[in-house]
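Participant: Quick paste of what Swiss-Prot says about this protein:
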DOMAIN    31-495  domain 'Topo IIA-type catalytic'
SITE      LYS39  site 'Interaction with DNA'
SITE      HIS75  site 'Interaction with DNA'
SITE      HIS77  site 'Interaction with DNA'
SITE      ARG88  site 'Interaction with DNA'
SITE      LYS94  site 'Interaction with DNA'
SITE      ARG118  site 'Transition state stabilizer'
ACT_SITE  TYR119  active site, O-(5'-phospho-DNA)-tyrosine intermediate
Amino acid sequence: MSEIIQDLSLEDVLGDRFGRYSKYIIQERALPDVRDGLKPVQRRILYAMYSSGNTHDKNFRKSAKTVGDVIGQYHPHGDSSVYEAMVRLSQDWKLRHVLIEMHGNNGSIDNDPPAAMRYTEAKLSLLAEELLRDINKETVSFIPNYDDTTLEPMVLPSRFPNLLVNGSTGISAGYATDIPPHNLAEVIQATLKYIDNPDITVNQLMKYIKGPDFPTGGIIQGIDGIKKAYESGKGRIIVRSKVEEETLRNGRKQLIITEIPYEVNKSSLVKRIDELRADKKVDGIVEVRDETDRTGLRIAIELKKDVNSESIKNYLYKNSDLQISYNFNMVAISDGRPKLMGIRQIIDSYLNHQIEVVANRTKFELDNAEKRMHIVEGLIKALSILDKVIELIRSSKNKCDAKENLIEVYEFTEEQAEAIVMLQLYRLTNTDIVALEGEHKELEALIKQLRHILDNHDALLNVIKEELNEIKKKFKSERLSLIEAEIEEIKIDKEVMVPSEEVILSMTRHGYIKRTSIRSFNASGVEDIGLKDGDSLLKHQEVNTQDTVLVFTNKGRYLFIPVHKLADIRWKELGQHVSQIVPIEEDEVVINVFNEKDFNTDAFYVFATQNGMIKKSTVPLFKTTRFNKPLIATKVKENDDLISVMRFEKDQLITVITNKGMSLTYNTSELSDTGLRAAGVKSINLKAEDFVVMTEGVSENDTILMATQRGSLKRISFKILQVAKRAQRGITLLKELKKNPHRIVAAHVVTGEHSQYTLYSKSNEEHGLINDIHKSEQYTNGSFIVDTDDFGEVIDMYIS
């Protein structure tokens with residue numbers, strides 16, 4: 001045997017084979033035909049059952065027999081895929097009208113697998129037979145099956161618009177389809193209106209076909225999405241569960257779910273809601289129970305007393321499949337090609353199919369009627385000369401000779417002669433002669449009617465309308481899905497998402513933040529906080545998990561962090577660096593942190609920079625829904641840094657202290673409220689090469705503690721400060737020395753909450769009690785606390 005070797009490139013071979021494969025799965029596997037709404041395997045299953053007489057009026061047959069018939073004659077693929085397709089056609093939570101009735105376990109809405117095919121039994125549903133009706137009247141084209149042993153239909157007659165009624169879903173190479181189920185009566189009514197007016201608009205069609213009608217019911221939101229889908233084939237709607245509220249004997253309420261969105265797995269939904277409860281993602285749910293039984297679907301969500309049930313419901317809509325979005329993608333095979341189709345195109349394609357089906361059926365019936373008429377006319381003629389016919393037949397040698405004699409002597413046709421010789425003697429009575437004459441009249445009327453249908457397009461359309469109306473009357477059902485015009489915005493109260501709990505918030509100067517339970521904090525004490533070497537506590541306070549933390553940095557930016565999003569870490573352990581929560585720059589430093597319970601307040605923030613700029617912005621401006629990146633708090637110019645952020649409930653005095661020992665005190669009422677992107681105004685009139693080291697709020701009972709680079713601490717009382725106007729030079733707080741003058745490196749307002757100070761050099765730190773520092777007069781340089789020869793030059797001071 002000679003070999004033929006072809007020299008082909010791998011790219012060409014792969015491209016050609018994948019192209020063939022793609023065409024096959026698009027046309028022969030995954031996408032439905034627009035005319036009957038069926039994929040090939042579904043069509044083959046229904047036809048195999050019909051051909052074998054497995055119809056609704058007969059007994060159920062083993063599913064395995066049907067699967068075997070389908071595989072053996074039409075669909076040479078795995079038995080499991082055929083059985084899965086067969087089972088889906090029987091599932092009333094998948095199809096709006098099932099096409100197969102099945103006895104036994106055919107799966108469940110919990111996605112349980114069906115029983116094996118050897119255990120289940122099935123037969124066609126009554127409605128499925130409407131898809132196959134008249135298939136034996138040459139209504140559709142047949143093609144050879146895969147092994148040329150029999151024929152199979154290319155499409156079913158489909159006496160109702162099955163694609164819209166039962167919808168379809170599938171994925172193929174480069175294409176996917178998602179067509180939702182609809183109400184049969186509405187679809188037929190819309191089709192009837194389209195027949196009456198082919199120019200009908202989508203808006204007008206939507207008076208009859210309201211939107212999808214899912215077998216699982218539910219509430220559909222978004223008329224605009226439905227309209228868009230019906231116009232273009234693509235659109236989006238919201239499908240939410242039907243949820244009712246019940247009150248129990250103990251006064252508690254429970255949410256009862258009786259309908260869920262289409263194709264949502266009920267058991268997965270119950271599991272997800274229970275996980276939200278167990279993980280404390282939502283506060284207020286006591287228990288989740290699946291109470292579904294043979295009477296219908298029922299999920300009970302028992303709530304705590306006095307909880308806001310509406311907020312719980314909204315949270316579940318947002319965070320579980322209690323509400324989903326459904327995306328229309330109405331792709332179907334039309335004229336052998338996949339097409340994205342609007343509802344008018346789908347109805348038009350279906351109508352053209354029905355015109356062809358009814359025309360073919362009418363031609364078939366007309367041909368049979370004319371053939372029968374020809375036979376009846378021959379029989380009537382024969383009966384009118386009965387004695388001569390009998391004599392001729394008796395004188396003939398055999399049946400064949402009798403037929404030839406009848407044709408030759410009395411001019412009967414071959415068909416008439418065959419009917420005459422086959423006539424039984426009892427048919428020669430007067431009754432049968434009358435019956436033949438009656439049949440002749442009926443055939444005349446039928447032929448006239450059939451010819452009228454073929455010759456008159458309107459008459460043909462009327463036949464389609466009559467048959468559609470019959471199906472509508474016989475199979476109509478109430479709409480299951482409620483349609484709401486607008487998509488409801490889901491608003492979730494923070495109290496529902498986050499259990500209210502008092503915790504300790506801490507922030508270190510190096511930017512490590514955490515929340516700690518009060519029990520862990522009380523078991524340790526402030527001084528036992530987990531810190532890295534060289535780090536210290538910037539701030540700690542009691543907050544609520546429903547509060548928000550604002551973290552301000554030297555770049556004039558702030559981080560918006562809900563407290564409940566902070567890691568819950570023990571007091572003795574190291575916190576989480578803010579950069580792990582919200583990304584910040586490498587040289588960005590945390591300067592202060594504040595807690596906000598409610599942004600709807602008259603409070604305000606004051607921002608002060610090293611170069612003497614200041615501004616005031618109200619707290620509500622800082623509320624945001626973006627948590628993932630730093631936000632602008634104030635504009636900080638190049639070569640400047642934000643050094644102070646203060647929060648005040650009302651206007652009060654602030655004191656500004658500079659490196660060269662100048663001090664200016666004035667009221668925040670001199671500052672106008674500005675937006676977040678403003679740079680502010682001049683706070684103090686700085687000398688050359690001077691800069692601000694402190695801007696803080698001050699009151700009459702406070703003192704001010706200052707540290708100089710030479711290791712000196714100076715403490716002054718409020719009375720030394722002179723209240724003035726903003727942007728002035730201020731007063732001098734240091735005695736100027738010609739050689740190695742003192743320069744203030746840090747200063748803080750000391751209130752009753754402060755008792756200790758800590759001085760820092762590059763390599764050392766010194767602790768002491770603030771009360772050990774005596775108050776000084778205005779023009780002094782304070783008292784030396786450390787020897788800079790040993791300690792090093794002081795670079796900073798903190799108080800606590």
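Note: Cβ is positioned from N, Cα and C throughout, glycine not excepted.
Looking at the shown structure, what environment does each listed feature sit in?
Facilitator: Its own atom aside, the Cβ of LYS39 (site 'Interaction with DNA') has 20 Cβ atoms within 10 angstroms in the protein chains shown.
Sequence-distant contacts of HIS75 (site 'Interaction with DNA'), defined as residues of its own chain at least six apart whose C-beta falls under 8 angstroms from its C-beta, comprise PRO40, VAL41, ARG44, ILE45, VAL82, TYR146.
Neighbour density for HIS77 (site 'Interaction with DNA'): within 10 A of its CB lie 14 other CB atoms from the protein chains shown.
DSSP assigns ARG88 (site 'Interaction with DNA') to a helix.
Look at LYS94 (site 'Interaction with DNA'): DSSP puts it in coil.
Around ARG118 (site 'Transition state stabilizer'), a 10 Å sphere centred on its CB holds 10 further CB atoms from the protein chains shown.
In the three-state DSSP scheme, TYR119 (active site, O-(5'-phospho-DNA)-tyrosine intermediate) falls into the coil class. Within the same chain, the residues at least 6 positions away from TYR119 (active site, O-(5'-phospho-DNA)-tyrosine intermediate) whose Cβ sits under 8 Å from its Cβ are GLY104, ASN105, listed in sequence order.
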Participant: Show which residues of the chain containing ARG88 (site 'Interaction with DNA'), separated from it by at least 6 in sequence, have their CB under 8 Å from its CB.
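Facilitator: Non-local contacts for ARG88 (site 'Interaction with DNA'): LYS94, LEU95.
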Participant: Distance check, please: Cα of HIS77 (site 'Interaction with DNA') against Cα of LYS39 (site 'Interaction with DNA'), rounded to an integer number of angstrom.
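Facilitator: Distance between the two Cα atoms comes out at 14 Å.
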Participant: Return only the integer: C-alpha distance in Å from ARG118 (site 'Transition state stabilizer') to LYS39 (site 'Interaction with DNA').
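Facilitator: It is 24 Å, counting Cα to Cα.
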Participant: Tell me, roughly as an integer, the mean pLDDT over the domain 'Topo IIA-type catalytic' (31-495).
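Facilitator: Averaged over the domain 'Topo IIA-type catalytic' (31-495), the predicted model reaches a pLDDT of 92.
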